[in-house]
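Colleague: Supplied in structure tokens, the structure appears directly below.
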Amino acid sequence: QSHPMESNQKASGDGLAGTQKEAALRALMQRTGYQLQQENGQRRYGGPPPDWDGPPPERGSEIFVGKLPRDLFEDELVPLCEKFGKIYEVRMMMDFNGNNRGYAFVTFSTKLEAKAAMKQLNNYEIRNGRLLGVCASVDNCRLFVGGIPKTKKREEILSEMKKVTDGVMDVIVYPSAADKSKNRGFAFVEYESHRAAAMARRKLLPGRIQLWGHAIAVDWAEPEVEVDEDTMASVKILYVRNLMLQTTEETIEKEFNSLRPGAVERVKKIRDYAFVHFTQREDAINAMNALNGKVVDGSPIEVTLAKPVDKDSYVRYTRGTGGRGGSLLQTDYAAYTLGQVQVLQEAVIPKYLLVLDELCQKNNWGQPVYQLHSAIGPDQRQLFLYKITIPALATQYPNVHPFTPAKLCAAVEEAKVHAAEHTLQTLGLQTEGAADASCATAAAVASVAFPGM
């Protein structure tokens with residue numbers, strides 16, 4: 001059943017003829033017995049290896065290797081990865097000129113091998129002054145859908161999403177901070193598989209499908225940041241969400257001290273969520289188990305362990321675009337001095353927000369959706385970042401969406417203003433020379449994400 005063209009290719013050698021480093025790649029195949037296969041936009045090594053029997057490796061065995069020099073190929077990457085275990089597969093993303101696109105996915109035989117490789121290869125100097133950026137690769141099954149009318153309930157959103165896409169498993173909706181009877185204008189939709197989510201995204205992206213007559217913005221949701229067990233095993237901070245705006249830090253402290261008086265070290269509340277710091281980990285775990293789901297001031301709270309962010313990369317974005325893990329932007333915020341927070345004059349604050357609102361209204365782009373992300377910095381301080389989604393633009397400029405500033409702020413309000421300002425600047429670029437600018441902006445985003453690229 002093989003296509004005549006394909007068998008022809010095999011004879012000339014699996015599409016490797018004339019590629020860069022052809023001799024080195026053939027020598028690698030000779031040594032390992034693995035096959036190299038070129039397929040739409042990527043080159044696959046192994047998957048499965050020659051002597052593999054049984055199902056593919058367990059979930060969590062794949063790593064993302066970013067910041068690759070563009071002229072580096074499997075002949076260099078494979079020997080480096082082999083040190084950590086048996087390679088099941090390497091998928092290298094390729095461009096039309098035969099260079100790599102700066103990243104690859106490497107699947108090991110076990111989760112343990114992947115974990116070891118991740119630890120050792122992140123920030124590994126592969127060439128003079130060129131450090132790799134390596135992290136877990138995640139099968140993304142979740143989409144972010146913005147621009148949903150705020151009056152819609154979870155059940156309505158679930159049944160609407162099931163009508164327009166296949167494979168919907170669940171919908172996650174967060175109540176608005178100010179009015180718990182409303183949603184925040186966006187939802188996360190969970191699909192049965194990465195493939196189902198990718199098909200749904202493809203169907204919703206062109207913007208032809210409206211929900212309740214509203215334009216919607218669709219993108220990959222950020223997967224949960226996977227923090228390794230060793231780090232999580234020492235966390236003594238709880239993350240509490242879905243609080244009422246009027247609930248005070250004193251009330252929260254009293255609730256979380258109820259199991260063992262004096263257990264709480266301090267509480268930091270931000271809008272409708274809070275971080276509760278404990279002196280002892282054991283008290284944190286007990287409080288989490290006892291208080292998750294408890295109704296405080298009329299609202300059921302959600303309590304989980306806070307995920308500390310790795311000092312090298314505060315925020316990581318995994319998009320399910322290329323293959324399973326996607327084009328990942330790992331922005332190294334350590335490069336920005338977090339101490340020098342500009343204090344904005346009160347008068348400036350609403351300006352950018354108002355301008356952005358007016359701009360969206362004037363162009364019928366739909367209400368901008370602000371999504372707050374937060375992280376705990378290396379010095380245990382709370383840092384904030386807003387992402388902004390503009391429903392009508394998400395489909396036009398998917399590569400710069402959601403608008404994500406490259407700086408974490410120490411104050412929520414400042415982060416919001418900064419995000420609005422960043423969005424306006426990006427749009428300023430785009431209104432002058434729309435198509436070129438979206439490329440220019442994407443390039444700017446990439447250079448922030450991968451310095452030296």
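Backbone N, Cα and C define each Cβ position, glycine as well.
Here the structure is a predicted model, which means the values were calculated and not measured.
Per TrEMBL, compositional bias 'Polar residues' is recorded for 1-11. According to TrEMBL, the feature compositional bias 'Pro residues' maps to 47-58. Positions annotated as domain 'RRM' by TrEMBL: 61-139, 141-223, 236-308. For 1-61, the entry in TrEMBL reads region 'Disordered'.
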Colleague: Would you kindly list the residues that approach the compositional bias 'Pro residues' (47-58) from elsewhere in its chain, counting only those six or more residues past its ends and only Cβ-Cβ distances under 8 Å?
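Modeller: 32-35, 86-91, 107-111.
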Colleague: Per DSSP, what is the residue count of the compositional bias 'Pro residues' (47-58) in each of helix, strand and coil?
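Modeller: Each residue of the compositional bias 'Pro residues' (47-58) counted once, the result is 0 helix, 0 strand, 12 coil.
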Colleague: Of the residues in the domain 'RRM' (236-308), how many are helix, strand and coil by DSSP?
Modeller: 20 helix, 26 strand, 27 coil
Colleague: Express the predicted model's confidence over the domain 'RRM' (236-308) as a mean pLDDT, rounded to an integer.
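Modeller: The average pLDDT of the model in the domain 'RRM' (236-308) works out to 91.
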Colleague: Report the DSSP secondary-structure composition of the domain 'RRM' (141-223) as helix, strand and coil residue counts.
Modeller: 22 helix, 28 strand, 33 coil
Colleague: Could you give the number of helix, strand and coil residues in the domain 'RRM' (61-139) as assigned by DSSP?
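Modeller: Per DSSP, the residues of the domain 'RRM' (61-139) fall into 20 helix, 31 strand, 28 coil.
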